[in-house]
Amino acid sequence: MNIALVAHDQMKNTMVGFCIGYESILKKYGLYATGTTGKRIMDETELNINRLASGPLGGDQQIGSLIVTQEIDLVIFLRDPLTSQAHETDIQALIRLCDVYHVPIATNLASAEIFIKALDRGELSWREVRKSKSQRI
């Protein structure tokens, strides 16, 4: 199971705190992150992050590509709802891909905590079943 971690600039500290708090759970999974977010997490934790490009430089689109190829099973995208983003269309495309491919996406800390606790309890294992069935078709 692979998790994508993305955070807008004003939410990076929150993402780092989240990763520190749930490091024992997150370390069990493959982790992908946009460039700056991934660096910040790696600087503050022992987590191994597959870093992609920075969000505005195509990182969101790279995560979208991983969603299409069923390599991402959960997206935690801590968005800043109070600041306009220059790459808003990329963000909307990423959210749309999560909807199309049935990938759970958390866009705030509350939903991120719900998903990470569900993941720890094995409640997202349906993703693995779904992937194995689609590979047989």
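Residue positions begin at 1 at the first shown residue.
Glycine residues also receive a Cβ, built from the backbone N, Cα and C atoms like all the rest.
For D60, the entry in Swiss-Prot reads active site, proton donor/acceptor. Taken from Swiss-Prot, the feature substrate binding site covers H8, K12, T34, G35, T36, T37, S54, G55, H87, and the record attributes it to sequence analysis. Residues annotated as domain 'MGS-like' in Swiss-Prot, with sequence analysis given as evidence: 1-137.
Here the features listed in Swiss-Prot are placed on the structure.
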residue: H8; record: substrate binding site; DSSP class: coil
residue: T34; record: substrate binding site; DSSP class: coil
residue: S54; record: substrate binding site; DSSP class: coil
residue: D60; record: active site, proton donor/acceptor; DSSP class: helix
The domain 'MGS-like' (1-137), counted residue by residue under DSSP: helix, strand, coil: 76 helix, 19 strand, 42 coil
Cβ neighbour count within 10 Å of T36 (substrate binding site): 18
For T34 (substrate binding site), the number of other Cβ atoms found within 10 Å of its own Cβ: 26
Distance, D60 (active site, proton donor/acceptor) to T34 (substrate binding site) (CA atoms, angstrom): 7
S54 (substrate binding site) to the residue listed as 'active site, proton donor/acceptor' - Cα separation in whole Å: 8
Mean predicted confidence [pLDDT] for the domain 'MGS-like' (1-137): 90
Between T36 (substrate binding site) and D60 (active site, proton donor/acceptor), the C-alpha gap once rounded to whole angstrom: 12
